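Note sheet for the following structure.
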Amino acid sequence: MPRKRQRSTASKPETSSSSPPKTRKMMSTTTAPKQSRLNEKKAEEEQKTASTRNRLKEKKAEKEQSKADKRSCLKEKKAEEEQSTTATRGRLMEKEAEEEKSTAPNRSRLSEKKVKKEETEEVFLDAEEDDTNSIDEISTPEKAKEDDGTPARFVGNQVPDAEARKKWPHRYANKIKNKTPISKPSNSLDDSEEIIKARCHYKRAEVDGIIYNLYDDAHVQASDGEADYICRIIEMFESEDRTPHFTAQWYYRSTDTIIKDKYISDPKCVFFSEIRNDNPLDCLTRKLKIVRLALGVDSETRRAKTLNCDFYCDMLYLLPYSTFVKLPSENNTTAPESSSTISSDIDAAGVKFDCDEVCETSGRRKSEVALLDLYSGCGAMSTGLCLGANLSGLNLVTKWAVDLNKHACESLRLNHPETQVRNETAEDFLMLLKEWEKLCIRFSLVKNDDPEKQQTYSFDMDDEDDDDDDEDDDNNDVSDNDDDSEVFEVEKILEVCHGDPKEIGGQRDLYFKVSWKNYGPDYDTWEPISGLSNCREAIKKFVMHGYKSNILPLPGDVEVICGGPPCQGISGFNRFRNVKNPLEDPKNKQLVVFMDIVDFLKPKFVLMENVVDLLKFADGFLGRYAVGCLVSMKYQARLGMLAAGAYGLPQFRMRVFLWGACATEKLPQYPLPTHDVLVRGVVPLEFEGNTVAYEEGVKPQLERKLFLEDAISDLPAVANDEKRDEMPYGESPKTEFQRMIRLKKMGLELNDLLFDHRPLELNDDDYQRVCQIPKRKGANFRDLPGVRVRPDKKVEWDPEVPRQYLSSGKPLVPDYAMTFVNGSSSKPFARLWWDETVPTVVTRAEPHNQAIMHPEQDRVLTIRENARLQGFPDYYQLCGPIKERYIQVGNAVAVPVARALGYALGRAFQGFAGDDPVFSLPKKFPRITEDPSSSSEAQC
């Protein structure tokens, strides 16, 4: 009797978190992860796999016993049927004797019929005992047949030896033992496996009665409790010990990627990968139909194409930098003999792409590339992006900017008069965009047949009620009551907004700013659209002018959206953080709003910036959600972390940057570091591989790290009570950094005046404390009388020194300094020093818990000194109260980082970007002379 075979369990495909990332080197001072950690993790994974396989064996043994019991019952049933058959034969013999007088031909026919019946019964019983004789050569893709004991085997002829050796040379290398660690194929990232030497190759196999062809998609047996893996069969071979194997190239579900379960996506959507593993042939459980679609096809086409399939795939998922990219139009893993279970619509004629359709909506193709800066602050991110893009040859211009801080908006307007700056919430801005589109449709400026966007307004209702419509429109009369004694005439519409501009707590609605006839600007008012029912012509004139001058973007008008949505709910200073679902915290909802604006405007490129806590807090919930949002909107995506100091600043300042690119564009790369830097802080282990850095072992020629002296040593001395917003430099630049940052906006000559070089004025008590801090490296409050440092580096009061007091009666050493971080911190009233770097420029200038004091002057760093540490050009002026200017600088994206990313964006926009996730900037960047298309790809 044939025995029931045990099915093997496949090697688990590598996911974003199944194994630690490769060690990579950011700069010479980076501490690399220990190899032992990798070995421990690998050992744990092997132990887990072994345990799983043992459980599987036990389960299979139980299954075999059950089959044996069934076969025993089958034998008993067979014996009963044989006994019944014998009785039947006896009756037939008696009947034959009675009919002995019949003719010989009749007897002959009866004998033949009896023999044929016996043969049929014997074949049927044999088939029940050994079902290997009933294998159907036709596969059953809908559902795998019950495991019938048939050993997994190859069918058909072998691949000719010469063809196999040419196609899979790594399987036939001479003098290689059965398993030898050698280099994997170039597109495989799983280097942990060993190459199995092949005896021969096949193109067809049979497992459990199902025929699998080379390049079929299939389910692969997973461990207990896990959903079966999904793969593409890219190789079938028999090893030297005659064991049948196949090579799986894996698909990922979204839960297997960086997204995990933080964004609910289409369960039918899977992502192809470059990860390959060899597995026993009997791991295959079911043939699948996976439809391949072009990224960005419209939803109607997607539904039609995926109606009768198991899964669909429109993106490739690559582990480095958690990258999602569109499938290549000619995938090199797709062989011409690919079977019919693969359906590819990547180049299908007549397929509409959402991105292309939207990008042509406005019908206006400009030489300028339009950028929208959300949560813009004073404009550092968009300024840097435009500077870098222009260095690459792309004329990127910030056309619109939005921020809630009015002082930041004033700074942006001052430095970018060409930009439409809106001081409002992002939610109101999004609602305004939707209403603006409806108005443009209403006045036939934009064609759109969507019934949801066909709006009826109060002035339309008046048109129906009044036959004398044109005359009323020309008058543009507005009355607050039925008495004609209070009638005002609208001279023109000045602005539009959504919200509550009157701040009366009323309903948020569409408002127009009205200039009244015969009244000056002081009498301009915000009026809801419902109150302008007689002003159709004035509104139409404003909308037409606004459409032509692009005061607001329509879908397709924006090529690039950048922004850093604030996520204050993940801040370590927030004691009530929602760990289970951070999106339920109102302080984190701006991430959702940012993605909603992207979804509405559908730009070609997206760049989102945020703090590293985005990946630290709640298992990186918000970071994973952000990636999931872009991918669900059919954007290519890539996640990386860049340190400001690695691009030529004397501060570390690590930040997260998420790229997005629509289907028709190249996904931008990350620029590799140009400078050495002192690494500070901790990166989450799981996201360590997302740090933009050189691979371990690569020795790049980096510029030396910069220190405080390189950035601010040329600035004139100022006092604690400095009041001037402008002053002369007094000295020439001393370093290359200083010379570059002092250039005028056009970059041809140096600035004459220095702006914003004034500090936050300390109160008398703090000023007296600062004056007693020694002017030497490492000095802080611990150097004041009465403070003693214990062997454990914590502070305590010196019992032998009486406590000293200031003229105000307050203590010289405040209690908060002694208790800060349980007495272990040396930051209160700490001086920076010339040969040091700053961890991160902050928004508050008080010296109570930050090292922010000037090395040799009794004051905190000035606004301009902080701005230089952030890479702001000296020509960039700031507006608002002193504290507000510090906040603008502290919240900004470091300009050199944004500039490097802008250069990467320009290369991608112009089609110069490579397929690698990172690239090397030109030498001496940003002082470059070489063509951006020639920038070298990274060794990574």
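Here the Cβ of each residue, glycine as well, is placed from N, Cα and C on the backbone.
Bear in mind that TrEMBL entries carry predicted annotations, made automatically and left uncurated.
Feature annotations, reproduced from TrEMBL:
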type: REGION; residues: 1-131; note: region 'Disordered'
type: COMPBIAS; residues: 8-21; note: compositional bias 'Low complexity'
type: COMPBIAS; residues: 37-48; note: compositional bias 'Basic and acidic residues'
type: COMPBIAS; residues: 59-81; note: compositional bias 'Basic and acidic residues'
type: COMPBIAS; residues: 91-102; note: compositional bias 'Basic and acidic residues'
type: COMPBIAS; residues: 109-119; note: compositional bias 'Basic and acidic residues'
type: COMPBIAS; residues: 120-131; note: compositional bias 'Acidic residues'
type: DOMAIN; residues: 210-328; note: domain 'BAH'
type: REGION; residues: 454-484; note: region 'Disordered'
type: COMPBIAS; residues: 460-484; note: compositional bias 'Acidic residues'
type: DOMAIN; residues: 488-542; note: domain 'Chromo'
type: ACT_SITE; residues: Cys567; note: active site
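Mean pLDDT for the domain 'Chromo' (488-542) in the predicted structure: 92. The residue listed as 'active site' falls outside any helix or strand according to DSSP and counts as coil. The DSSP breakdown of the domain 'Chromo' (488-542), given as helix, strand and coil counts, is 13 helix, 24 strand, 18 coil. Note: the domain 'BAH' (210-328) comprises 16 helix, 62 strand, 41 coil (DSSP; helix = H, G, I, strand = E, B).
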